[in-house]
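What follows is a short report on a single structure.
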Number of protein chains: 2
Amino acid sequence: MLGPGDDAAVLSAPDGRVVVSTDVLIEGRHFRRDWSSGYDVGRKAAAQNLSDVAAMGATPTSIVVGLGIPADLPLTWLDELTDGFVDECATVGASVAGGDVTRCDLVVIGVTALGDLGGRAPVTRSGARPGHVVAVTGRLGYAAAGWALLEAGVPVDSPALREAVAGHRRPCPPYAMGPLAAELGASAMLDVSDGFLQDVGHIAEAAGVRVELDPRAFTVAEPVAAAAKELGADPLEWVLSGGEDHALAATFPPDVRLPASWQVVGRVVEGEGVLVYGREIGRRGWDHFR
Amino acid sequence: MLGPGDDAAVLSAPDGRVVVSTDVLIEGRHFRRDWSSGYDVGRKAAAQNLSDVAAMGATPTSIVVGLGIPADLPLTWLDELTDGFVDECATVGASVAGGDVTRCDLVVIGVTALGDLGGRAPVTRSGARPGHVVAVTGRLGYAAAGWALLEAGVPVDSPALREAVAGHRRPCPPYAMGPLAAELGASAMLDVSDGFLQDVGHIAEAAGVRVELDPRAFTVAEPVAAAAKELGADPLEWVLSGGEDHALAATFPPDVRLPASWQVVGRVVEGEGVLVYGREIGRRGWDHFR
């Protein structure tokens with residue numbers, strides 16, 4: 001309704017409620033300028049916040065951005081970053097509503113995303129009940145595989161390996177599945193940012209239930225399998241423990257008919273913690289698993 | 001409606017619109033840990049964003065915070081910071097709705113504030129018309145005076161000097177005057193964050209008008225006068241060019257009866273730029289003035 005150029009932006013919130021998520025990305029910790037272009041970083045920074053909004057069952061509507069940038073940052077990098085914000089927002093029909101830029105010794109990116117629930121109840125982390133199924137949609141393991149390839153410095157010379165590296169640089173969250181899951185009656189949902197086992201542990205903890213996973217039910221996508229073969233790694237560890245792909249994990253009552261894009265990978269039972277391979281993962285999640 | 005602990009917060013937006021402002025504060029640039037406590041920094045970081053929301057004519061409702069913190073930051077500092085966010089929000093009835101914390105080599109604080117227009121039209125920067133008056137409410141010069149005292153390292157041994165230093169550490173924005181000005185029919189408004197001359201220049205530029213200021217109409221508060229005397233400085237320069245006090249500057253049609261808390265300091269005429277002491281300040285604002 002009123003965008004950049006004033007003290008604040010004015011955004012439409014037709015639902016009477018607004019969903020808000022914020023994250024800070026720090027150069028060297030969340031991205032490296034020698035590994036990712038400004039455009040990639042912009043896409044990724046926007047994606048991880050838009051995905052948080054979708055994980056509540058809302059449709060993302062806009063982002064505002066606070067930037068800290070070094071005096072010697074090439075202007076082209078900043079232009080690319082902005083293009084990345086705009087293009088990632090465009091994939092969900094959202095817009096960049098405003099921002100703030102200041103000097104900093106390293107690149108710091110604060111993104112706040114807003115979204116609209118369209119009359120739906122928000123899907124929190126705490127509604128999983130015994131008997132519900134655990135399902136996932138979106139990519140798992142791409143970002144971890146791509147990061148491992150870059151870290152190892154091996155030649156990225158096949159389409160599959162290039163897709164894994166691209167998955168690290170730029171996630172591809174299944175945004176539309178968030179509102180859809182809310183409409184289907186998801187009892188709990190979150191976006192997989194730290195790793196599936198760790199994040200699904202939050203669902204178990206929030207509801208006081210146990211999640212039992214069937215590791216054979218997870219798909220290992222070809223780019224993840226190819227990277228694992230190249231590096232002699234276990235691809236399922238990336239799938240179960242890798243973060244930053246921003247898949248959506250949710251629980252549903254057993255009578256819900258899920259679209260094919262959701263894979264059932266486990267079930268909710270009485271108890272606590274997360275069980276996979278007959279082993280309890282516990283509160284510390286993937287740290288223990290590794 | 002739903003606060004910290006999930007992927008995103010859900011906030012009430014009864015107006016059907018939401019006002020959003022974001023800023024990033026960087027340690028060493030916007031605050032120094034040896035000059036300001038965590039509590040002061042929290043108050044200041046919240047204040048500058050809540051003030052942006054008020055400057056649109058909205059009532060601030062909540063903030064979300066993204067933090068980058070060094071591994072060796074004392075936990076007490078972080079607790080104080082959070083207390084500062086909460087207490088500053090409480091002064092306007094707003095709340096801290098959520099946040100994100102990550103590691104960074106220096107303290108980075110991204111604050112996004114949201115607000116509600118309560119059915120009012122937002123007051124932008126662009127509505128000033130020839131014949132309108134220019135008015136200001138809130139403090140001017142305190143933060144600049146306090147900063148100069150700390151920078152000079154002189155003893156701060158009187159109540160007036162202590163108040164100037166406190167004004168640097170913790171602004172005191174006239175939040176309630178924002179919605180009030182909107183109700184009174186303000187034609188343009190902004191919060192004074194960079195310095196009165198520079199910021200009022202944005203109003204002139206946005207509307208294609210000239211602002212003529214009467215320097216004798218500005219009050220020099222006692223703490224500002226005392227600091228100027230201590231340092232042999234010109235207090236009016238701090239009043240006109242100092243930033244970070246987050247006063248509100250606005251223009252009003254000439255028939256509006258302003259409450260006593262607003263001081264008329266100039267008028268809007270045909271032309272461009274800002275005129276003070278018979279000199280044109282121009283687009284580069286206080287840089288030229290100094």
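Placement of Cβ uses the backbone N, Cα and C atoms for every residue, glycine included.
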Please identify which of B:Ser21, B:Ser37 is recorded by TrEMBL as part of the Mg(2+) 4 site containing B:Asp7, B:Asp52. B:Ser21
Measuring Cα to Cα, how many angstrom lie between B:Ser21 (Mg(2+) 4 binding site) and B:Asp191 (Mg(2+) 3 binding site)? 12
Report the member of B:Asp100, B:Asp191, B:Asp194 (the binding-site residues) whose C-beta atom has the most other C-beta atoms within 10 angstroms. B:Asp191
Suppose we draw a 10 Å sphere around the Cβ of B:Asp7 (Mg(2+) 4 binding site). How many other Cβ atoms does it contain, all chains included? 27
Between the Cα atoms of B:Asp191 (Mg(2+) 3 binding site) and B:Asp52 (Mg(2+) 4 binding site), find the distance and write it as a whole number of Å. 6
Name, in order along the sequence, the binding-site residues among B:Thr22, B:Asp191, B:Asp194 with a Cβ closer than 8 Å to any chain A Cβ. B:Thr22, B:Asp191
Fewest other C-beta atoms within 10 angstroms, as judged across B:His30, B:Arg125, which are the binding-site residues: B:His30
Given the binding-site residues B:Asp7, B:His30, B:Arg125, B:Asp194, state which is nearest to B:Asp100 (Mg(2+) 1 binding site) when distance is taken between Cα atoms. B:Asp7
